[in-house]
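S.K.: Pulled from Swiss-Prot, these are the listed features:
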{"type": "BINDING", "residues": "GLN11, PRO12, SER13, GLY19, ASN20, GLY147, GLU148, ASP149, VAL186, LYS195, MET196, SER197, LYS198, SER199", "note": "ATP binding site"}
{"type": "MOTIF", "residues": "12-20", "note": "motif ''HIGH' region'"}
{"type": "BINDING", "residues": "ASP135", "note": "L-tryptophan binding site"}
{"type": "MOTIF", "residues": "195-199", "note": "motif ''KMSKS' region'"}
Amino acid sequence: MTKPIVFSGAQPSGELTIGNYMGALRQWVNMQDDYHCIYCIVDQHAITVRQDAQKLRKATLDTLALYLACGIDPEKSTIFVQSHVPEHAQLGWALNCYTYFGELSRMTQFKDKSARYAENINAGLFGYPVLMAADILLYQTNLVPVGEDQKQHLELSRDIAQRFNALYGEIFKVPEPFIPKSGARVMSLLEPTKKMSKSDDNRNNVIGLLEDPKSVVKKIKRAVTDSDEPPVVRYDVQNKAGVSNLLDILSAVTGQSIPELEKQFEGKMYGHLKGEVADAVSGMLTELQERYHRFRNDEAFLQQVMKDGAEKASVHASRTLKAVYEAIGFVAKP
C-alpha cells in the first residue's frame, strides 16, 4: 500500500525558532516513516518581500542545514528548493487563470502583509496563495500540515483543485489539512498570550534555533510569569499564561508530562522553573547547533541533497504538469 503524501514548505527568510521546531519540525521528523514526506524550501515565496540576494542564498542553505540537523532525512523524505523545480511556477501561472480576483482579495494574510510592506504591495504578494496551491497540487498531496495562519490558503487550494477537476476530470487530489497528534504551541516569552514568531520585532520574545545558548538562558530568566504570592507553579493557560508557557517548553524538551512537572515544582519559586527551562533549552540547542554546523560546513553535501531532492520532486511534478497542460489544450512539446 502506498504511503499518503504529505507536503510542507517553509520560507528561507527569518531564523527558525524553538516554536517552529517544537510545533512543526519535530512532527515532520516523526512523520517520515509513515508518510511519503515532501519538504520544500520556498524561495520563490520569499521574494514577495524585498530580499538581499546574498542573504537569501545564505538563508536557503542555512534552512536546509537546519532541517537536516533537526532530523529530516533525505534518504526517507524529498527535500528540495522550490526554484530548482520550474513546474511550481509553470503550474502557478496556469492556476492563476482558474482563480478569481475576489478570492485573492479576501485573503487575510495579503491584507496583513500589505499593511506591513505598504511600499511594496506587488502582484506576487497578491498571487502568493495560488503559487502555494501549485506547490501542494503538483505532488497529488493527500495531507498538508497547517497552522492557523495558513488554513485559509489551504481552503483556497482545495477550491482551485475542485474547480479544475469539475472542468477537466480528476486531475488533482484534493488535499486535506493535517493536524499532528502532538506539538507544543510555544508562546512569546514576554507576551505569553501570543504565539512565538520568528518575525517578532522584539527579539526578547523569541528563541532562535541558532542563538547563543548563553543569550537564551538570559532571555528565559527574564520571561514573564505572574505576581502570585506565594508563587504557584501550576498549568493554567487562562490565568497563568507565562508559567504555562514555560511548563509547555520544558515538557516538550524533556518529555515529562505537565502533571509530573507540576508535582516536581510544588512549593518552589518561579526562579527554579526558569532555571530548569533555561538548562534544558540551552542543552538541546547546543546539541542541535553542533549537528547544524557539521552540515552547514559541508557545502558539497548540501548541494548534493538539493540536486537529488529536485530530481526526485521533478518526477512527480512533471507528471502532474503534463496532465494539466493536456487537459487545458496546450500542444505537447515535441
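Quick reminder: no glycine exception, Cβ is built from N, Cα and C everywhere.
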S.K.: Any idea what the Cα distance is from ASP135 (L-tryptophan binding site) over to ASN20 (ATP binding site), rounded to a whole Å?
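M.R.: ASP135 (L-tryptophan binding site) to ASN20 (ATP binding site), Cα-Cα distance: 20 Å.
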S.K.: Look up LYS198 (ATP binding site) in the DSSP assignment and reduce it to helix, strand or coil.
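M.R.: Looking at the DSSP assignment, LYS198 (ATP binding site) belongs to neither helix nor strand, so coil.
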S.K.: Determine the Cβ neighbour count for GLN11 (ATP binding site): the number of other Cβ atoms within 10 Å of its Cβ.
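M.R.: Neighbour count, Cβ to Cβ under the 10 Å cut-off: 21.
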S.K.: Just to confirm: which same-chain residues, 6+ apart in sequence, have a Cβ under 8 Å from the Cβ of MET196 (ATP binding site)?
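M.R.: Sequence-distant Cβ neighbours: THR17, ILE18, GLY19, VAL186, MET187, SER188, LEU189, ASN205, VAL206, ILE207.
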S.K.: List every residue in the same chain as ASN20 (ATP binding site), at least 6 positions away in sequence, whose Cβ is under 8 Å from its Cβ.
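M.R.: ASN20 (ATP binding site) has long-range Cβ partners ALA10, LYS198, LEU209.
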S.K.: Per DSSP, VAL186 (ATP binding site) is which: helix, strand or coil?
M.R.: coil
S.K.: If you count Cβ atoms within 10 Å of the Cβ of ASP135 (L-tryptophan binding site), leaving out that atom itself, what do you get?
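M.R.: A 10 Å sphere around the Cβ of ASP135 (L-tryptophan binding site) contains 27 other Cβ atoms.
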S.K.: Suppose we draw a 10 Å sphere around the Cβ of LYS198 (ATP binding site). How many other Cβ atoms does it contain, all chains included?
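M.R.: Around the Cβ of LYS198 (ATP binding site), 16 other Cβ atoms lie within 10 Å.
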